[in-house]
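Per Swiss-Prot, these features apply:
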{"type": "ACT_SITE", "residues": "271", "note": "active site, proton acceptor"}
{"type": "BINDING", "residues": "109, 111, 112, 132, 144, 145, 195, 202, 281", "note": "ATP binding site"}
{"type": "BINDING", "residues": "272, 281", "note": "Mg(2+) binding site"}
């Protein structure tokens, strides 16, 4: 679509958009029934205003970018009632359960999020739009149902940054702010971020109906996911086992991509794991700066359960939880009358699927690391070479992003060109030893230095959403200056490009960044 529509066209689009969202499509999650969700209006947000907006996501949703300039836009995406909203439309909060920090937490659910409807994208797919921070729901527990400005800006920026890194993720259309106060560790202001995804179904949705002994509803949910998102599973001998396998493999691929860019999710509870294998629920996340394999980005994670090095193991464990939830459905097609025999067969089949996680994750990460090192040919020693680099980085706390980006400057034949990356290491001798191994490996490659460097720069980002960059944007936004949110969003849309005018955004973090902490309080 063209971005040439006028503001008047955008004004005409608002009521059409609201009407579209109010008409659920056949097969939409909301049509599953009351056991899956509660329908309720959002809590009004006082005097809302636009903080951030993604024209790219608007384009995906077949909306003109000028729509954000319309007064009714902020009202609509704050969840406030508007004259354009259909009288019979009602957002919903879904119910799910889950394991949090490895402990069964029981019923959870959308405690501060409401899905307001679906819209067909320009790619032909159906996308759900969800307002995070839209007020209390029956699943809020002790929370107030609100999100604060800082966490909403972080989610908005990281959703789009991850997309442009090529990592599967929910998207973000807009952040709507308000001066309405909310109490966290201190008084903050409210905000609502509009998340966009084909589905917000989590592992925890399946755990909920399993734990409540409702195999009928569990099957209804699984059928919904298969028919809408994994139609190939319907053709398998056991569709539900195929669903487990598809979700497991996608999760393995996703976490391999996280590891390759130094991304830490921070709170990999089973209710924060997407059945589609996309990154969801950006809370206390972080990109590793000074590399530490044991890096913990979430201040609330006192045990280090979700540390960088633990993410693959935790993702695998979460898939076990999903498998347990799906056990009542696995093997139904086999016609085994004896329940115990069927259950035993289901466990064996599920275990065989779960064993594929490391088989998928390992090679996926090796391929990513080989590309990051600029290696076209496969050698058995490549994994050892990559691991040795990470060990050397860990020992020197070398910056993760800059190390991989600057590796492109290394020459096959000229060690003097090592200086930009070498300077990132405290132990220069250790780096030199590794660089010699690397140069020996490069001698087996056919590409010249320039071609290899170009390929490496296409997979090693120069710009990532470092915590201090987000913090600067947040501080300015609190003063009603949203220009840094927009500037940072624009930079992160081109993470692999040289942007000479924005070199400061690719620099090492300032000293004050070391004192920044992010937690589950948002």
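Note that Cβ sites are derived from N, Cα and C of the backbone, with glycine treated the same way.
The two recorded residues residue 281 (ATP binding site) and residue 271 (active site, proton acceptor) have their Cα atoms spaced 9 Å from each other.
Ranking the recorded positions 144, 271, 281 by other CB atoms within 10 A of the CB puts 144 at the bottom.
Annotation note: residue 112 (ATP binding site) sits in a coil segment as assigned by DSSP.
It is 8 Å from the Cα atom of residue 271 (active site, proton acceptor) to that of residue 109 (ATP binding site). Residue 272 (Mg(2+) binding site) is 11 Å away from residue 109 (ATP binding site) when you measure Cα to Cα.
Summary: among the binding-site residues (112, 195), the fewest other C-beta atoms within 10 A of the C-beta are counted at 112. Across the structure, residue 195 (ATP binding site) and residue 272 (Mg(2+) binding site) are spaced 14 Å apart at their Cα atoms. Residue 112 (ATP binding site) and residue 272 (Mg(2+) binding site) are 14 Å apart (CA-CA, integer value).
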